[in-house]
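Asker: Let me give you the structure first, and then I'll get to my questions.
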Amino acid sequence: MLASHPEKRISFNRSISYGDLVIVYERHDNMKAVTVSEGSVLQNRFGVFKHSDWIGKPFGGKVFSSKGGFVYLLAPTPELWTLVLSHRTQILYIADISLVVMNLEIVPGCLVLESGTGSGSLTTSLARAVAPKGHVYTFDFHEQRAALARDDFERTGLSSLISVGVRDIQGKGFPDEFIGKADSVFLDLPQPWLAIPSAAKMLKQDATLCSFSPCVEQVQRSCDALQSCFTDIRTFEVLLRQYEVREEKMESFHGDDNGSNGSLSRKRRQCSDGNYVLSDSTSSVMARPCGEARGHTGYLTFARLKCFL
Amino acid sequence: MSSTENINKSSSRITWEGCSVLLDINDGDRLVFARLSPAAKLKIGNKNCSLQPLIGCPFGTVFQLDTSDSDGPFLSPFQPKGDVNNTDEIKDGHFQAESKDDQPNSESKDNRSLIDNNTAQSLTGEDIEDMRRQGAKGNEIIEALIANSATFDKKTSFSQEKYRLKKQKKYAPRVLIRRPVARSICEAYFKKYPLKIGFLRVDTLSLLLSMANVSSNSDILVVDMVGGLLTGAVAERLGGTGFVCNSYLGQTPHSMDIVRIFNLSDEICKRIVRSSISDLLSPKESRPQNPKQDVGSVESQSIDQMSVSVSMEEASHSPENGISDIGAENTTFPALKAYKATKAGEKASQEILDSWKENGFSSLIIAAPDLDTWTVVRDLLPLLSNSAPFAIYHQYLQPLATCMHNLQLEKMAIGLQITEPWLREYQVLPSRTHPHMQMSAFGGYILSGTKICSS
């Protein structure tokens, strides 16, 4: 998925071959991750697509089904992966993910601790941010979920950047081997305040922590727990509003011939009083917010380890 | 400076001589970018103090202005005794003890007996100056002010806390050393001088970097008319791999002042290159033949060199070496430029240009409030590899709507979306949790999508 592997990096000359992970794009709200393999087919409402037909085609191109329907094949990115991954838990989406990576100040080479792993949506973006030399150690107490996450990271080509551990972080804290080594800690746990004392031990001085919680009561208790060792404690909520764009024709009326624009299409219309008026039909591109949106994901609480001299 | 030393410094959590810092004075009241040197001085109120004590300290250290010494005011490290709160209050141990047995709900005091007639304080300005002359520390003055306030005891514990904080800011100002990274630089500019960064809010910047899949080893094409903030943020994420190509229309590169505020290592700076859009668009192999263009680029280079040498002079004569207040009239950072001649922003070599023409850029980010969005996108999009993501920032919706519509008509991209982020901060305190009373109502719009093959 990442450009760190030169042979997998997108370019004008890069074409699809067996073993590649591709994102099959039908519409912006309908995508699917597919690993291209010999003898396989993809079946959807547009018909049957043979993987063998895709070999040698460029990424970002159209491919056709037996019935003549088409889809686009895209190179995977963490953003696309977030939209297609299988949900084993509630996941983090792009707005929260982006703010987490920015506010945790994660850059290449960082060592990041995460718990829980969940479906690995955030983990994928954390891996991108620490690549090529950093590492993400992510922990989940659920053995099967950890194993599935490992499989996913293998599939997305990130396994060299991510280690998945099975561990109850709320109960046992992070492993001692990371004491004083972490640049950032991310917590998405039902009772994050239980893990905060351990997180504080893991962090380097002035290093950052983030806790994600859907409920304000969780935030309250976390902030309380953060007081003793952390500073710069700030809680945010980030949401996105999407816009739809349309070209609409609109008519405008003029009482006389003057002042009308020559480029507009124009009709003469007879009004009820017998006079003629001009009807101009103009078309313009307009945008408006989409009617529905995600109204809440969670609160993000950021903090920085206090600096003791 | 050896290169390994340099790499260590760029990720260092300890300041060094010549390092760039963000000084947060009195909890964000004033934000100052400075380059640390023994000669650098910072003016707080009417006191000038040396930044020397800040060299070699961990980032995150808090200093307090000490005026008790007869040799003049100086900054001394400050260790908060009690807890540091997430709103604006820094409580000290005394208040901490009080608030523990005094639950917010059981508070019986209120403001009924407070009358605003300006007679509550019996200490005069002269009394305070006398104390100062006798070497009283800031904290001692604050205690004296409280002892001489007729109304302090009648205040609720919250307003006592507020009073204490107000006096602390005046008589014992505090300076926090922050690391200048994309987040802190963006937040500082957004708070004090948003015009310079085109009103680009930190959550919007973070989305641009995600949506454009900025990751190590990628070649990112940017049009940065937000002072270099975008270029610096991308370079930070590349970590000395790949390239960020800062492109510009016409002959004159856009300003990249803000890049110098980041503590980018030489390795990272080398990965920031510049190219005119016309050089990027000219077909491969054909060297730019246009004589006018050649003159232009040479000229712009010599202007660069000139501005560096001019600012060197400025720096050596300026008493306030290396200090610049955001939002103050002098918004370039002459001393920053001079201290370390960063190599960021060299002209892209023909070899690199050719490799981009051969392989395409990995992604594109535009933050160019002054350019026509659609025509820039139309020209630059073909330079991207197939399936490359892109993200366009604008503070107005209409240019993005028009651009999105045209991209759809021309079938140049899919997954097109216009997004407006919304960011709200919360005050979290026992029984007093609520959103902040004031918030930024607008952080800009982003048009994002994925380039498809032209068929």
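Here the Cβ of each residue, glycine as well, is placed from N, Cα and C on the backbone.
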Asker: With A:SER119, A:GLY120, A:SER121, A:LEU122, A:ASP140, A:ASP168 listed by TrEMBL as binding S-adenosyl-L-methionine, identify the candidate in A:ASP183, A:ASP188, A:ASP206 belonging to that site.
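Answerer: Among the candidates, TrEMBL records only A:ASP188 at this S-adenosyl-L-methionine site.
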Asker: Among A:SER119, A:GLY120, A:SER121, A:LEU122, A:ASP140, A:ASP168, A:ASP188, listed as contacts of S-adenosyl-L-methionine, what is the widest Cα spread in Å, to the nearest whole number?
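Answerer: Site span for S-adenosyl-L-methionine, by Cα atoms: 20 Å.
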Asker: Just to be sure I understand the packing, how many Cβ atoms besides its own are within 10 Å of the Cβ of A:ASP140 (S-adenosyl-L-methionine binding site)?
Answerer: 27
Asker: Just jot down the residues in the same chain as A:LEU122 (S-adenosyl-L-methionine binding site), at least 6 apart in sequence, with C-beta under 8 A of its C-beta; none if empty.
Answerer: A:ILE91, A:LEU92, A:ASP96, A:ILE97, A:VAL100, A:GLU114, A:PHE186, A:ASP188
Asker: Which residues in the same chain, at least 6 apart in sequence, have a Cβ under 8 Å from the Cβ of A:GLY120 (S-adenosyl-L-methionine binding site)?
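Answerer: Within the chain, A:GLY120 (S-adenosyl-L-methionine binding site) has Cβ neighbours under 8 Å at A:LEU85, A:THR138, A:ALA149, A:ASP152, A:PHE153.
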Asker: Which has the fewest other Cβ atoms within 10 Å: A:ASP168, A:ASP188, the binding-site residues listed?
Answerer: A:ASP168
Asker: For A:SER119 (S-adenosyl-L-methionine binding site), write down the residues of its own chain that are at least 6 apart in sequence and whose Cβ falls under 8 Å from its Cβ; none is a fine answer.
Answerer: A:LEU85, A:SER86, A:HIS87, A:ARG88, A:THR89, A:ILE91, A:ARG145, A:ALA149, A:ASP152
Asker: Counting only residues 6+ away in sequence within the same chain, which have a CB under 8 Å from the CB of A:SER121 (S-adenosyl-L-methionine binding site)?
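Answerer: Set apart from A:SER121 (S-adenosyl-L-methionine binding site) by at least 6 residues yet with Cβ under 8 Å, we have A:TRP81, A:THR82, A:LEU85, A:ILE91, A:LEU92, A:TYR93, A:ILE97.
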Asker: Indicate whether A:ASP140 (S-adenosyl-L-methionine binding site) is helix, strand or coil by DSSP.
Answerer: strand
